[in-house]
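Q: Okay, handing you the structure first.
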Amino acid sequence: MDRKIWLMSPAVFLLLIFCVVPLFIMVYYSFLSDGTGGHWTIQNYMDFFQKDIYLKLTWKTVKMSFYVTVISLLISYPMAYVMVSIIQGGKNILLMAIIVPFWTSQLVRAYSWQNLLRDGGLLEIVLRKLHLIGSGPLGLMFTSTAVIIAMVHIFFPYMVITIYMSLEKVDGALVEASKSLKAGPLTTFRRIVLPLSKPGIISGCILVFVPSLGVFVEPRVLGGTQGTVIGTVIEDQFFEIYGWNFGAAVSFILLAIILLSMAVLSRFAKEEA
Amino acid sequence: MKKRIAGLLVITSMLLVSACGNKSNNEGASSSPAKGETKTLNVVNWKSYGSDDPEVVKEFEEKYNVKVVHQYMASEEELLTRLRTSKEGDIDVILPNASILPVAIGEGLLQPIDTAKLANYSSIYEPFKNIPENAKDGKVYAVPWVWGSTAIAYNPETVKAPIDSVQVFWDEQYKGKIAFRDDFNDAIMTAALALGQDPNHPSDLDAIKKKLIEQKPLNRTYWKTGDEFSKLYAGKMADIGLMWSGQTASMKKEGQNIKYVIPKEGAIGWIDNWAIVKGSKNSDLANQFIDFMIDRKFQESWVNKGGPAPVNKEVGKNLDPAFVEEMGLDEKTIGKLKFIAYHTDEEKRKWNELWLEVKSH
């Protein structure tokens, strides 16, 4: 074996101590009954599946994350495509512009959206000046739509960058070969560019969908009375009622959903590959 | 390849930055106690919560020739764990509330306090001396320090009708102008007040759930952190809210036009209490510290700096009478408060689930 593999040991050590071990501690909690002197039980998992409300909130969160992923894809692909094939100079500036919002805290960004979307806010003023809406209030704030808008803004850069990376690797010679074989631009895109950029699309979808499942700040700040998601349940368990055992169980159910969705998406990537 | 690596770096840095977005500020204990002739009093409290003000600490240290060391707590639950696991004599004075007091007293983690040794105890508002969670078998284990209430705050510019009832949260004419609190305890206790049930031990949770679902469409939104409410109110997105007395007072100080009302049905109250840990080697000093904390001088200076409401009734005499009246700093109003009682984990879980059902309805 190559000796250099030992160079990995600090990273492996950190991962073990700060990721794997805590995960097992959480598994332990999730199978523990409440109260002092708890014993082994699967009650925490049973509670989740026996009450409609947890399933309802999970389904709501999955749906919301799905919308966020699809909208992010629709925005990101054309953007990445243009950045790779049309724009010559200034790519780095564009990339920077995408990354800069990441330097602000998520909470601050959620509040900023409040200022834009609220009745009498910037968006309403602009739309009214353009005569796109009447004199009534915008009514966008404190709705699920507002949450999705803010989440797309937060997560779509992951998608742009992964797609950008995979599009950049597409060999120009293949595109030219396709053209020389009389394929129109659409056919070339459909049969050459799209399949080759698929790994980027898949990892982009994973990078957007997975963190979307765990959010709770944006739904609370922008979602109004409809802002409860499964992340809220976990937050409540850990910070409000110290139901660590049930909280851990819900976290693992969420993790299972994440792993499942990743498996499904990777299956897509393998097909036709 | 190079570009790919650069790209990955960019992504990891983005993940890192976004992960750092919500860090909390619960820093650990302060410096270790100094060795020497002076005794050391170990106090556990919230960070920046009155007692650790450098001026206050200095005054007490000079008066009693002692060193005061503050340790900070992150939650009541964590305080209870610390009580259970700390060595005897590690901590002397702590600041628990009703959510853990009966457990701590029941497990023998605290020592009884001889209130006759506290010169200022007699100045405490009468209702605070009879909090069931603070005593056991006729012995007092916790001395109230500061308190507050959760009631109705409204904008007098837009809300013209007089408000004196908690039913305002169910009043159709304020539809879309209300910001109810996103907290299972506040929500259930408020609904119980509206229904005439005992807020601490409601008899009919189904009726409460129905009442809260009825209230839901009237809200502009629910708020969770005080900061959220300030922004809603300042942005004119909400005119009426279920709100804390302390924050209303500070919003007023900042120049907001906001009024606070304790409704005729009563309102939710909370109290922070000092207690002495069993096995403390500095019991006398601990008594002196608590007495100093409930002394008129300290209580007055803190409330004037924007601290929570004082338990010492002498303080009210020196404050602006309008402020005293509105915030309910008098025995009669305090008597109307329903102080949040101790609830078992099972009860909390049930209440939390009920509130989730309302929110996802």
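Quick reminder: no glycine exception, Cβ is built from N, Cα and C everywhere.
Positions annotated as transmembrane segment by TrEMBL: A:12-31, A:64-86, A:93-112, A:132-156, A:200-222, A:242-265. If you look up TrEMBL, you'll see A:58-265 marked as domain 'ABC transmembrane type-1'.
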Q: Thinking of Cβ pairs under 8 Å, which stretch from A:64-86, A:93-112, A:132-156, A:200-222, A:242-265 has the most of them with the transmembrane segment (A:12-31)?
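A: So the stretch in question is A:242-265.
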Q: Counting only residues 6+ away from its ends, which parts of the chain sit with a Cβ under 8 Å from the transmembrane segment (A:132-156)?
A: 64, 67-68, 71-72, 75-76, 101, 106, 109-110, 113-114, 117-121, 123-124, 207-208, 211-212, 215, 218-219, 222-227
Q: Quick one: find which recorded stretch in A:64-86, A:93-112, A:242-265 has the most Cβ pairs under 8 Å with the transmembrane segment (A:200-222).
A: A:64-86
Q: Which residues of the same chain, at least 6 past either end of the transmembrane segment (A:93-112), have a Cβ under 8 Å from a Cβ in it?
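A: Distal contacts: 83, 87, 150, 153-154, 157, 160-161, 164, 217-218, 221-222.
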